[in-house]
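Quick notes on the structure that follows.
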Amino acid sequence: MSSEPSSAAPESTIPRRIALSLQYEGSAFCGWQRQRNGNSVQAQLEAAIEQLDPYRPIQTFAAGRTDTGVHAAGQVVHFDCGDRIPPAKWAPALNGRLPFTIRVRESVLRPKDWHACYSATYRRYRYTIHNGRRPNLFLAPWSWHRYQLRLDESRMRDALNGMLGLHDFSAFMRAGSRRAHARTTVQEVDLVRQGDMVRVEIQASGFLYGMVRLLIAQLVAVGEHRLSVQDFEQRWRQRRRHEVREAAPGHGLCLLRAGYEQEIFTRAGWYDCQPWFFLAESDPPPDPPPLPEASGSEL
């Protein structure tokens with residue numbers, strides 16, 4: 001009697017949880033999370049995993065749910081799979097099946113009770129602003145071009161420093177959030193100018209839906225003297241969400257990394273990912289006339 005080839009899944013004696021250090025260029029994606037009619041990073045990644053482990057349903061979990069157009073240098077993702085593929089081999093195998101705009105830096109084995117989102121102790125985001133007079137094609141996908149005035153970094157730092165600690169940030173939470181509360185702890189803030197580029201970094205235990213983009217738009221208003229530092233602080237402390245309307249564009253935002261009690265990767269995915277354009281000098285001479293300084297009036 002002839003035997004038919006079996007389509008059953010091969011035996012897997014040890015279910016495994018794999019963690020990935022992930023980078024993606026967010027311009028072509030509707031965000032991390034799978035959507036019915038959108039091209040998401042999650043959908044692309046799960047499709048690639050299913051090609052390698054087609055015998056079980058695949059579900060991925062991420063440290064941060066980035067929005068449309070937002071980039072990631074150190075996103076962390078986990079999924080459960082069988083033991084046919086060694087943990088370290090998942091990274092090269094997935095890179096051979098993913099679009100070039102998504103790269104897996106490293107893949108490691110984690111305990112079954114470890115979770116990419118719930119085990120994280122912090123996330124760190126960077127927002128990049130191009131504050132030069134002339135637009136630059138090669139900066140456009142990675143930064144927000146604001147050129148009306150030279151940003152006042154001193155005022156912006158004052159506004160940022162007031163946010164440190166545990167607070168209710170519901171003024172910086174977009175409608176549609178599923179969170180039960182809006183309290184989170186801002187652990188570190190940093191603002192650096194290098195030539196025409198201004199970099200803002202914020203590290204927190206967690207972020208609300210749309211928080212960074214809403215915050216950055218208000219911060220730029222402070223830097224352009226359209227909003228006082230005091231009014232900025234009153235808006236979020238008094239939860240005046242109706243006064244926070246504008247959001248900064250997604251393409252200037254990057255998830256730098258997620259942190260855990262113990263470092264899980266042998267090389268951090270974000271370590272050698274300093275954007276090349278942030279290190280560049282301003283336009284070569286002859287320099288254009290300087291931008292006008294922001295006036296002291298508050299609008």
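These residue numbers are counts, starting from 1, taken along the chain as shown.
Placed from the backbone N, Cα and C atoms, the Cβ positions cover glycine too.
Summarising the annotation, Swiss-Prot assigns active site, nucleophile to Asp67 and lists sequence analysis as the type of evidence. The feature substrate binding site is assigned by Swiss-Prot to Tyr125.
Spacing of Asp67 (active site, nucleophile) relative to Tyr125 (substrate binding site) is 13 Å (Cα to Cα, whole number). Listed in sequence order, Glu201, Ile202, Gln203, Phe207, Val212, Leu253, Cys254, Leu255, Leu256 are the same-chain residues six or more apart from Tyr125 (substrate binding site) with CB atoms under 8 A from its CB.
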